[in-house]
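What TrEMBL records for 87-167, 168-276, 277-391, 392-496, 496-618 is domain 'Cadherin'. The transmembrane segment annotation in TrEMBL covers 613-642. If you look up TrEMBL, you'll see 753-774 marked as region 'Disordered'. What TrEMBL lists as compositional bias 'Low complexity' is 753-770.
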């Protein structure tokens, strides 16, 4: 205890002792050495002294003082004396004035201008500012003239232990694997102390554990946390809460301290094997369960987590290893047992399996602890189900000749009920697969018979579906596909592949091939087609032509002689008999038409008609046809031109000055629109010249004999205009002499707001002779036609 107190006193009073040693000797020794100190700031005094003594001396600094120190956080009743400034030029007559400037001058530090004493006026904090740089100068009190150049000095703030250690990055979280050995590194913590790390022990930290023992330990100076207890098991305790303390002053009494927390979590390792919850499992399954369907789950628990808890399941023993399979559920880590092959209650009613669960990821460090696997027994009972009928084959293939007799048996399908009760089976054909009802089946024994004739050339294959149904339970149904192949019989005679017409040149040579013909047969023999060609018996000694069989199953027609003439005979008919090699053989007769033609020297056919002989020499038929076509075209053009000119010069309707065939009716009354029926006599709308007859048309010839209609009596005023117009419209529609072109029917309907305005000439300021109707062509084709009619009428008047 006395040694500790002495050390604390030394730490506290060392700055004061240093200040006293460094400052006070300068203050009190300055007068004693005044005769030896020259006023370095006075050049006049130095010059005078040199002139009197004529002795050279080394210049001394006028200030007699050193670096100053002041304790931080000092709070006495009076300002603390930091130090005193003194110059060699101060004789003690109070004629010198001390001035202080720089950091904190006048506020933090104040100087007595007479004595040079410097006092600290405020409490200082080294952590805020560690030192102050100031400038001192001695001036003449009367003249304020500097006696020496200014001198710079530093006041350092001495540290005291006033800051506790802090863990800036806390609280901490760390992880260490479970079952780690003692001394395994966990993490490192760091504390900071704002005190001066150079001066004293204020910033010298020592670390210790307040909570968390005996599981963990910490290095006192490096703050490294390590495990202190072996075989810590995560499954027993996963998380630990550790409190760390950092204390300054080297950890001695009186030092300040700070704490932080470290949450340490044990990470998992694979140190536990999987374990089945029970050693025996029982499951039952219906025999008609679908393949791949799950029938049960087993579970092997593992105390580990994550990847270390993953297990794989296998069937290692049992009588159902090929019937069942087991897979792992990635989400729940369950073993799912599924059906791999169909089950049959009548064949086997139960199965026994041995299932193994083993860890996937193993840790070599813990393999010595035992096998990381476990086994369990699974018993599966198959239960009986009402199953549908089972066919003896999954598919059936039947063959039948196309000439098979009706009701003949093509084949038979069989099926049975696999259940113990063994229900009778009835067979039927799915008519959706036999729309033409070509086949029948015996419902009792499953024999398939032919219902309609077959033709291989129409359809070679027939695919039908046979349905088997239990008589005791009609919901139990099975289906099987049956493919029926129609076999070929020789029932089609061969014939020419196409209608052949041969051309024989008049200048041809004997033995020249006229035509090569081929034959086709709808039948399909196994060894392919082989045709025999021959002439009719009465044509065997044909003097003009002969035939020759080729190796490619075709026939060549040859000429026996030359000198064929179109004038003598233009066309020859050659019947040819074609036979196949089937059983029985089939044959047909085809006639080849051979036409005699005129050919060029190189054998190119030019003409095959007899009329070619009467044509002028050097002029072909094609040239004559072209000339004739040109003449006809010119005649057509001339006729069209004359017709158009005639139609253009003559009006289409025979009319005089007052007749326009009901196309335009003139009346000297403006009218008041369709609402006004009293302003004019409706009888004026009638054509006066057409009452007792009709006007002939020059442009058309009526197909029907027109019967002149009876003239209409004058209509009294006040008649319904709509009814009158409808009657006239009906008569015009049924009149065969009505114009086939667009015409204008004026019925006194001008209406209101017409875009064309009024068509009456009553308001015109000009006479009919001065009227110009060309503007009507701008209103459209109908008004253009109206303008032409008016223009024709005006021209007739002038004429």
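Heads up, the Cβ atoms here are built off N, Cα and C, so glycines get one too.
Where the annotation comes from TrEMBL, it is an automatic prediction and has not been curated.
Secondary structure of the domain 'Cadherin' (392-496) per DSSP (helix as H, G, I; strand as E, B; remaining residues coil): 3 helix, 47 strand, 55 coil. Secondary structure of the domain 'Cadherin' (87-167) per DSSP, as helix, strand and coil residue counts: 0 helix, 36 strand, 45 coil. In terms of DSSP helix, strand and coil, the domain 'Cadherin' (168-276) has 3 helix, 46 strand, 60 coil.
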